[in-house]
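*Asks:* Here's the feature list from Swiss-Prot:
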type: BINDING; residues: His377, Asp379, His439; note: Fe cation binding site
type: BINDING; residues: Arg459; note: 2-oxoglutarate binding site
type: DOMAIN; residues: 348-468; note: domain 'Fe2OG dioxygenase'
type: CARBOHYD; residues: Asn80; note: N-linked glycosylation site
type: CARBOHYD; residues: Asn421; note: N-linked glycosylation site
type: TRANSMEM; residues: 1-21; note: transmembrane segment
type: TRANSMEM; residues: 31-51; note: transmembrane segment
type: TRANSMEM; residues: 57-77; note: transmembrane segment
type: TRANSMEM; residues: 116-136; note: transmembrane segment
type: TRANSMEM; residues: 143-163; note: transmembrane segment
type: TRANSMEM; residues: 231-251; note: transmembrane segment
type: TRANSMEM; residues: 269-289; note: transmembrane segment
Amino acid sequence: MVNQAFMLWCYITPVLGAVVAEQYIGRVKTIIFSSSVYLCGLVTLFLSSLPTAYAMGISLPGLLVSLFLIGIGTGGIKTNVSSLIAEQYTGPKESRRILKSGEEVIVDRDLTIQRIFTTFFLYINIGSFSPLLITIIEKEYGFSAAFSLSAITFSIGFIIVLVSRHLYISRDPDSSIIFNACKAFWIAIKHKGNLDYARPSYQTEQAATRRLSWDDSFIDDLRRAIASCKIFILYPIYWAAYSQFLTNFISQAATMETHGVPNDIMTNIDPITVLILLPVLDRIVFPFLRRQGVPVRHVDRITIGMPDFQPFVQESYQICQRTCFQIISAIELGLGLQAGRLTQCCQPAASEIRLLYYPPTTKNLFDEGLKKRAWPHTDLGIITLLFQDMVGGLEVEDRAAGKPRSFIPVKRVSPNEMIVNTSDSLQRWTNNVIRAGLHQVTAPDAAKLSNGVDMLPARCSSVFFFKAGRDTSVGPLPEFVTEDRPAAFEDMTALQYQQLKTRILHGVEG
């Protein structure tokens, strides 16, 4: 019971350690403080194991106090050491290096960090072999000798960290990810579970006085973290079996013939297995998977979400395609055309779907009109379906303004809305009866009005371009050409028009 309670305590305190490090004192100070508490726990454990303490009847209280202190120290160390290690590597995303053999290789940041943590995990499991020595010392010399070795070894490591603390790269405390996640979840709960409402860009549009301590990319990371949590469904089964190493396996071994081997050695089955598998995975399995085009890099690789991505996109493509044909049929009805007149021009379709990511950027260039995420343009194709996040920034031409290139922002009403924009081919077919929608992507409207915003958040969108086949004519249809309305466009194929527009955009003659 004491052992199970101690394990539970050691998995509760990391939550507190993360909050203290991220919001108050930083990782290095948290690790140093937690290490000092951990060391106090080890010293208390050693003192409580002495014969004098046993004679005074304080061994059990001393044990409980030491476990309490060790648990606190574990919380501050376990949750911050891995993050601190990741912060130490500041190399570029990719760099080139010449080996001694003369071979030029590319150093990938993600793979480098993966190798760092593989090595770190390897050393952890090498350290896990200490019970081999500790159990022998405990059997030959008693608990006090075994506990003293732990305290001495930890003291050496603590001194090294303390002396070199100024050498570590550590992010300054800002706001707790845990608190921010809880706040974001609460906002999502109030909006039927939709995390898009927790984006600062959406909150700013709704209430300019409200300030959130995270950016839009935090919500994206939170979504990925939730997806990765699928694996935790299996954890109760795993831990139910794993905890037997520390309880039943040891008790069972104590009732068996050990031939001089301490029964406590059962806990080393786990690190032995890890030490065998880690080099195999790192040097053989993972490189083989990367050569086969199956990279194993990020935490979301432990979930089974990515294999479903391609079928999801294919299904989305088919749904968008059907939707576009329905919209074109409605346009036929609205223009009084014969059923199928426009839809037959859309076949065969050569549509495409794009996933667009606009990275975070500084706001000042947008304010000065020197930069836009997408300059004013019309789309190739017939119509465009746009699905965007809550960041905003899309603007369309205001034709009622009476002056050219006057734009108005497209306000988001629902996170699930679809925006339909008319494109060049439809304008050419209808001989300017339906004009292509001129649009641009710039700073969100709320950011323009706020002087306290220095950075524009990342923006993501999915765009479906409904396009006719490359050999389809995009000249004006006879139904739209009259004596009063002569053909405004030359008859040409969709491919020829795309080539013409490309030459115009790039200033190429001919």
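Using N, Cα and C of the backbone, Cβ positions are placed for all residues, glycine too.
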*Asks:* Measure from the Cβ of Asn421 (N-linked glycosylation site) and count the other Cβ atoms within 10 Å, all protein chains considered.
*Replies:* 20
*Asks:* So, does the transmembrane segment (1-21) come close enough to the transmembrane segment (231-251) to give 3+ Cβ pairs below 8 Å, pairs being at least 6 apart in sequence?
*Replies:* yes
*Asks:* Measuring C-alpha to C-alpha, could you say which of the recorded positions Asn80, Asn421, Arg459 are within 10 Å of Asp379 (Fe cation binding site)?
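*Replies:* Within 10 Å Cα-Cα: Asn421.
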*Asks:* Given the binding-site residues His377, His439, Arg459, which lie close to Asn421 (N-linked glycosylation site), meaning Cα to Cα within 10 A?
*Replies:* His439
*Asks:* The transmembrane segment (1-21) and the transmembrane segment (57-77): do they have three or more Cβ pairs under 8 Å, with pairs 6 or more apart in sequence?
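*Replies:* Checked: the transmembrane segment (57-77) vs the transmembrane segment (1-21), in contact.
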*Asks:* With DSSP as the yardstick, break the domain 'Fe2OG dioxygenase' (348-468) down into helix, strand and coil residue counts.
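*Replies:* Breakdown, helix to coil: 18 helix, 45 strand, 58 coil.
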*Asks:* Just to be sure I understand the packing, how many Cβ atoms besides its own are within 10 Å of the Cβ of His377 (Fe cation binding site)?
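*Replies:* That number is 14.
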*Asks:* In the same chain, which residue numbers or ranges, 6 or more beyond the ends of the transmembrane segment (31-51), come under 8 angstroms Cβ to Cβ?
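*Replies:* Contacts of the transmembrane segment (31-51) (Cβ under 8 Å, skipping residues fewer than 6 from its ends): 17, 21, 25, 58-63, 65-77, 80-81, 84, 142-144, 147-148, 150-151, 154-155, 157-158, 161-162, 165.
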*Asks:* Determine which residues of this chain, when His377, Asp379, His439 are set aside, have a Cβ within 8 Å of the centroid of the Fe cation site's Cβ atoms, and list them as they appear in the sequence.
*Replies:* Ala374, Pro376, Thr378, Thr384, Asn421, Ser423, Ala436, Gly437, Leu438, Gln440
*Asks:* Apart from its near flanks, which chain residues at least 6 from the ends of the transmembrane segment (1-21) lie with a Cβ under 8 angstroms of it?
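*Replies:* Distant contacts of the transmembrane segment (1-21): 27, 29-31, 34, 63-64, 67-68, 70-72, 74-80, 83, 173, 176-179, 243, 246-247.
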*Asks:* Would you kindly give the Cα-Cα distance separating Asn80 (N-linked glycosylation site) and His377 (Fe cation binding site), rounded to the nearest Å?
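*Replies:* Each residue's Cα considered, His377 (Fe cation binding site) and Asn80 (N-linked glycosylation site) end up 48 Å apart.
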*Asks:* For Arg459 (2-oxoglutarate binding site), what is the tally of other C-beta atoms lying within 10 angstroms of its C-beta?
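*Replies:* Here the count is 23.
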*Asks:* Could you tell me the C-alpha distance between His439 (Fe cation binding site) and Asn80 (N-linked glycosylation site) in angstrom, no decimals?
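*Replies:* It is 47 Å, counting Cα to Cα.
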*Asks:* Sequence gap of 6 or more, C-beta under 8 Å: which same-chain residues meet both conditions with respect to Asn80 (N-linked glycosylation site)?
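*Replies:* Asn80 (N-linked glycosylation site) has long-range Cβ partners Gly17, Ala18, Ala21, Arg27, Thr30, Ile31, Ser34.
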